[in-house]
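Each remark here refers to the structure printed beneath this line.
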Amino acid sequence: MSSSYSSPLLRLGVVLPALTVLKLSAHLAGVSDVLLHDHQLSSPLTSFSQLQEGLYLFRHGIDPYNGGTFRHSPLLLALFSSVLPSSKVFMATLLALCDAVAAWALVRTWRARQNVPSSARDGLVAAAYLLNPYNLLPSLALSTSPLESALLLLAVMFASQKKAAPSLLSLAFLSHLTPNAILFLPPLLLLLLTDPHSHLASPQKISFKRHKVLPLAVEFLLYVGVLTVASTLVAGNLNWVAQTWGTWFTLPDLTPNVGMWWYFFTEMFDHFRPFFLMVFSVHLLIYVAPLCIKFQHDPLYALFILTGILATFKAYPTLADMGLFLSMISIFPETFPYLRFPIVTSLLHLHSALLLPLFHHLWLTQGTGNANFYYASTLVFACSNGAAILDCLFAGLRIAVGKEVDGYDVVQE
């Protein structure tokens, strides 16, 4: 192992608090005020400004879900109106802690995968998450995306440790905030019933106690049901369902983001809209079963690939969604030698990372561009995401073949 891994500055106990304090310092320096309304860093469902607007209405006895602009969960309303303050400073502190928890959960998942109590690489894994610009900037913009990332990584961490109840509860909370997250349930159940260790190099059909699947699924649905009832009691009616969960499938808010839905449905004729909404929504379902079957020997890797797919094709993505996928690559170092085009993929992401803010500024700030400019940059971003997903998918399959031997060719029949 490289000596740089064992450097005192890269120890988890140094990296985690140091980068958390650095992030809080950036907020106190006024960075959050600059990034607060950036469409690349927050969506209508994660925006801090819209959360504050809903809190104002809720505190004054007005149903925030009647206006058609508030999309946050009633649980966040209850939390910030009764327990937690909703100031910018507190929100920045809370999101910094969410990032710290997410990085810690990623490190614990890495340890479970390696089956070790600790490793010299822990600090690098944490830094890969905390220093990722796709994760750092949404947190500074006070988007609630870091909370969603933390919930997913906690669910994965608990599943890796065979703690079913907290894992399913974390996923239930995440599914309550982002209904698409329910697609993580199949690989998470496989992870609970098998093990998190790397089996990519020796794939084989797995055997697990199938009779345990149904009780775990029922337990998850029970948690979702309890959260749904609690949300209904907070909101006082069921209007919140259409304004939160329904938003993911009906796309009523066409605010620009880094995804591919908003421009497509801006140009869509109304009589075609229901059909294509169905196509775009159902499209996400087709990946779950093939990934779980192909990577049944390593469900953690299946969940990792699914994270990237949802980050690319979900209705209201932010940079934090793809940032989570790119950060999770750090816990699969065994696949690094088998990546085909890592430099090209990195350059694609660098290219899109420069184009997105540039074309966003030209269109919405300077007024010298139009929507086509920004949408073109989101397509480049989608291509870079696709390149990363395909490269990781190939590496996860190619590792089973092993290193190339002179005189032999690897072919696919």
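Yeah, the Cβs are placed from backbone N, Cα and C, and that goes for glycine too.
Whatever TrEMBL says is automated annotation, not expert-curated.
Pulled from TrEMBL:
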| type | residues | note |
| --- | --- | --- |
| SIGNAL | 1-25 | signal peptide |
| TRANSMEM | 89-107 | transmembrane segment |
| TRANSMEM | 140-159 | transmembrane segment |
| TRANSMEM | 171-193 | transmembrane segment |
| TRANSMEM | 213-235 | transmembrane segment |
| TRANSMEM | 275-293 | transmembrane segment |
| TRANSMEM | 300-319 | transmembrane segment |
| TRANSMEM | 339-359 | transmembrane segment |
Does the transmembrane segment (140-159) reach the transmembrane segment (339-359), going by 3 or more CB pairs under 8 Å (6 or more apart in sequence)? no
Grab the same-chain neighbours of the transmembrane segment (339-359) for me: Cβ-Cβ under 8 Å, and only residues 6 or more beyond its ends, written as numbers and ranges. 38, 40, 133, 258, 326, 369, 373-374, 376-378, 380-381, 383-384, 387-388, 391-392, 394-395
Long-range Cβ contacts under 8 Å made by the transmembrane segment (300-319), restricted to residues 6 or more beyond its ends, are 40-46, 109, 113, 133-134, 137-138, 143, 145, 152, 156, 160, 178, 180-181, 183-184, 187-188, 190-191, 196, 200, 247-249, 251, 253, 257-261, 280-281, 283-284, 287-288, 291-292, 294, 325, 328-329, 332, 382, 385-386, 388-389, 392-393, 396
